[in-house]
Amino acid sequence: MTSLREFRKLCCDIYHASGYKEKSKLIRDFITDRDDKYLIIKLLLPGLDDRIYNMNDKQIIKLYSIIFKQSQEDMLQDLGYGYIGDTIRTFFKENTEIRPRDKSILTLEEVDSFLTTLSSVTKESHQIKLLTDIASVCTCNDLKCVVMLIDKDLKIKAGPRYVLNAISPHAYDVFRKSNNLKEIIENASKQNLDSISISVMTPINPMLAESCDSVNKAFKKFPSGMFAEVKYDGERVQVHKNNNEFAFFSRNMKPVLSHKVDYLKEYIPKAFKKATSIVLDSEIVLVDEHNVPLPFGSLGIHKKKEYKNSNMCLFVFDCLYFDGFDMTDIPLYERRSFLKDVMVEIPNRIVFSELTNISNESQLTDVLDDALTRKLEGLVLKDINGVYEPGKRRWLKIKRDYLNEGSMADSADLVVLGAYYGKGAKGGIMAVFLMGCYDDESGKWKTVTKCSGHDDNTLRELQDQLKMIKINKDPKKIPEWLVVNKIYIPDFVVEDPKQSQIWEISGAEFTSSKSHTANGISIRFPRFTRIREDKTWKESTHLNDLVNLTKS
């Protein structure tokens, strides 16, 4: 049985390893001949764990300030310099209420059991008791590790691909398809990964699109032909049906709010009369009585009331699974043909996505012009012979800004990293915001641009919505996760960039700026378009995405 001390050492070794091969080898060597492989891998990937602990960094600080009888303000200030695990370790070492253990005695199984119990409680008094109990059997480094598991970030600079491919060279690709970690580990030991496929009622990583700024680029990407599909301005939904059971997952593989999808339980059996079990890739959009899509964000309960004659409508664009048959390895044109055979449209409720078979550049230009004239968001271009590759960016998206010569081909989904006090009438409140992106290579957040221009009502809401720490432009208080040049040090930084808001930022063009740290990339005349509530930091524009956008 693996001890927590052994696990901590593994995490430390992974962090200091120089690259993908070395990190994966460390993990592979560690798990060889161990009976608790699944537990080790599961805890190395806390971000994939579906347990919910009902506490963010600020709440953890609050609870441990009570347990340690330390100043919550002092602990929050310390958090501003680094990470939650380091703060808890520092104050655990200094506290006089609970003496840290001299030697580590916990097993990984005991830690996992604690995490399961913690996820089952919501009352603050119960959380305090559990956190006190675990601290009483921890060394300082033990508790740091436990807190980082609660925070779902071990900071080892090794994501799912590094960890899973230590089990088997193709384990990561299989996981993106099946999303079943336990099954992958069990089958890898039997050298039987090929037998794993899609499982109905278990979410699949959705296939994605990268930006495209020219018709010519599209034909280079798909020389054998493509489908041009309307890019709907709604919410991506993966529909699962198994007999009379239904499940609906967002692009983040989280359950969709019931008020958005409950109606589908009535209509899906009518649209798919022959289907016992099925998995669909689709977009749910609010449409008017003429089946014309309404604006993004109108799916909310209160927004929907503004459109009295509207309906929720499911635009179906792919079938991934049908009655026990995994269809992801079948070419798109065959999947689409099959979908036409098995689905009966229900007007304004369940319909096919609008799709055009493109054979030349002028045809694609005409289809794009038509989409933009109808005030649609743009097009998604798909290889006519392409298989469905979960989690891969194999499609292209071409949006309305494409036609504006010299303008950005696509917006960027950036994370709010900090804020500055406004001037004049906006003095004393956060009015200008520092936007940035995540650098997968360094594990740091880099700055891209500053953004302002919100109306007064929005600014009032943002004061409460954004969880910030005041640093008063003090370089010494810049958190470890942020790389920012002196000229852009903000008045406030977010408590946790991975929990911060994601904003769609558009502008005149991408430009070069030595003052910003995202490889010198910035945005000329940036403007806030909308909050991307449907995305987490993982789906935001990362640095490598930004580089690709500028190359385009």
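Backbone N, Cα and C define each Cβ position, glycine as well.
Annotated features, as they stand in Swiss-Prot:
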type     : residues                               : note
ACT_SITE : Lys231                                 : active site, N6-AMP-lysine intermediate
BINDING  : Glu229, Arg236, Glu283, Lys382, Lys397 : ATP binding site
BINDING  : Glu283                                 : Mg(2+) 1 binding site
BINDING  : Glu377                                 : Mg(2+) 2 binding site
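The ATP site is defined by Glu229, Arg236, Glu283, Lys382, Lys397, and by the 8 Å test on Cβ atoms against their centroid, the other residues of the chain that qualify are Ala209, Lys231, Tyr232, Phe317, Ser353, Val380, Trp395.
Across the annotated binding residues for ATP (Glu229, Arg236, Glu283, Lys382, Lys397), the two most widely spaced Cα atoms sit 16 Å apart. Cα to Cα, Lys382 (ATP binding site) and Lys231 (active site, N6-AMP-lysine intermediate) are separated by 12 Å. The C-beta environment of Arg236 (ATP binding site), restricted to residues of the same chain at least 6 apart in sequence and closer than 8 Å, consists of Pro206, Ser250, Arg251, Asp281, Ser282, Glu283, Asp534.
Shown are the binding-site residues Lys382, Lys397; of these, the residue with the fewest other Cβ atoms within 10 Å is Lys397. Cβ neighbours of Glu229 (ATP binding site) (same chain, under 8 Å, six or more residues apart in sequence): Phe317, Ser353, Glu354, Leu355, Thr356, Leu379, Val380, Leu381, Lys382. In this structure the C-alpha atoms belonging to Lys397 (ATP binding site) and Lys231 (active site, N6-AMP-lysine intermediate) are separated by 8 Å.
For the pair the residue listed as 'Mg(2+) 2 binding site' and the residue listed as 'active site, N6-AMP-lysine intermediate', the C-alpha distance works out to 6 angstrom. The binding-site residues in question are Glu283, Glu377, and the one with the fewest Cβ neighbours inside 10 Å is Glu377. Cβ environment of Lys231 (active site, N6-AMP-lysine intermediate): Ala371, Leu376, Glu377, Gly378, Leu379, Val380, Lys397, Lys399 lie under 8 Å away, each six or more residues apart in the same chain.
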